[in-house]
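**Student:** This is the structure I have questions about; it appears just below.
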Amino acid sequence: MDCYKISLSFILLAAGFLNACLPVNEDMGNKAPEYFVPVPSSSLQQEDFPQPERNYLSKEGVELGKTLFFDPGLSANGKVSCAGCHLPEKAFSDGLALTNIGVSGLALHRNSPALFNLAWHDGLFWEGGANDLESMVFGPLTHPDEMAADLNKVLQYLNSHETYPQQFQEAFPTDSITSAAVARSLAQFMRTLISDDSKYDQWKREEASLTSEELKGYEVYKEHCSSCHKEGLFTDLSYHNNGLDSSYPDPPELEGLYQGRYRITYKDEDMGAYKTASLRNLSFTAPYMHDGRFTNLEEVLDHYESGIKTNGTLAPQLENGIVLNAAERTQLLAFINSLNDYNFITNPAYQK
């Protein structure tokens, strides 16, 4: 989900609200985990599935979150749902550089990121402005150019709905529907979006074979890409300046929007840095980069070969660019295509 011009202080306030009002195992009827996600494939290189003690997954909570995710009734105009910008068939991205389907009709300033394997992420949004899925939810939900929701009106809508009161009662045994419960249920659903059944994953599990070209591409990847796109999740979950721009203007009304991670940390070394996107499912998630400036992977490779702009915070591993010959390019793209998980984008559990 995408949060752009919304006040950074609001995100921090929302995160604090969730932590302050929801003690561990209290208030929301929290109990020991009862929803067991299948053990993630060893190819993800993650030992287990994280269950936040403040928001244990339950069958009822996940199903409620899924229903809310696809419900445009949460938005101010009743027409925009989370799924409007995060389509299952596009690995929960939207195929647009900068979407304009929100309530205001104005184009956003960030490309809609894909949503998968977020259970292992400790920073959300392109700049890492939210620490967890629960706090992330409030950004797009209330952003005036996205869903533009008034939380009080959202609660009125849910309380007056034919089925939601019973669903919330089953998921969170409390006397009333709260915005925290909305965030928790959406977070539960998004945590279950696991992509670990690509051809690469099947190869790692010795269930399939990679072609000679894909295997050569794997070697190219390990030599040139793995320092940032760490094998497993194919992201290091960190933030890097990859030379997209040489300067970073700061219009006051945009709260450092063009300054990358710096707008969150105010650390000089974070100027122009953005979160490393995963190499998984790239066939479904074009266009690429935080602003969708590259329409295909050839353009991405062109950038790393000859388009990197020098600046004071460029990632050191990119100082000399990434120069590949024609064969290496073809091989690398073949390997990247082996990371596409067609079972993920068609999984009935993730469909409306």
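Any Cβ shown, glycine's included, is placed from N, Cα and C.
TrEMBL does not curate its annotations; it predicts them automatically.
Below are the features listed in TrEMBL for this protein:
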SIGNAL    1-20  signal peptide
BINDING   Cys82, Cys85, His86  heme c 1 binding site
DOMAIN    212-340  domain 'Cytochrome c'
BINDING   Cys225, Cys228, His229  heme c 2 binding site
**Student:** By DSSP, what is the split of the domain 'Cytochrome c' (212-340) into helix, strand and coil residues?
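**Tutor:** Helix (H, G, I), strand (E, B), coil: 52 helix, 10 strand, 67 coil.
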**Student:** Between Cys82 (heme c 1 binding site) and Cys228 (heme c 2 binding site), what is the CA-CA distance rounded to a whole number of Å?
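**Tutor:** Rounded to a whole number, the Cα-Cα distance is 29 Å.
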**Student:** What three-state secondary structure does DSSP assign to His86 (heme c 1 binding site)?
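**Tutor:** DSSP call for His86 (heme c 1 binding site): coil, neither helix nor strand.
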**Student:** Between Cys228 (heme c 2 binding site) and His86 (heme c 1 binding site), how far is it from one CA atom to the other, in Å?
**Tutor:** 25
**Student:** Considering every residue in the domain 'Cytochrome c' (212-340), what is the mean pLDDT value?
**Tutor:** 98
**Student:** C-alpha of His229 (heme c 2 binding site) to C-alpha of His86 (heme c 1 binding site): distance in Å?
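**Tutor:** That comes out at 22 Å between the alpha carbons.
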**Student:** Just name the most isolated of the binding-site residues His86, His229, going by other Cβ atoms within 10 Å of its Cβ.
**Tutor:** His229
**Student:** Near Cys225 (heme c 2 binding site), which residues of its own chain have a C-beta under 8 A away, given they sit six or more steps off in sequence?
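**Tutor:** Those within reach of Cys225 (heme c 2 binding site), by Cβ under 8 Å and sequence separation of 6 or more, are Leu279, Ile322, Leu332.
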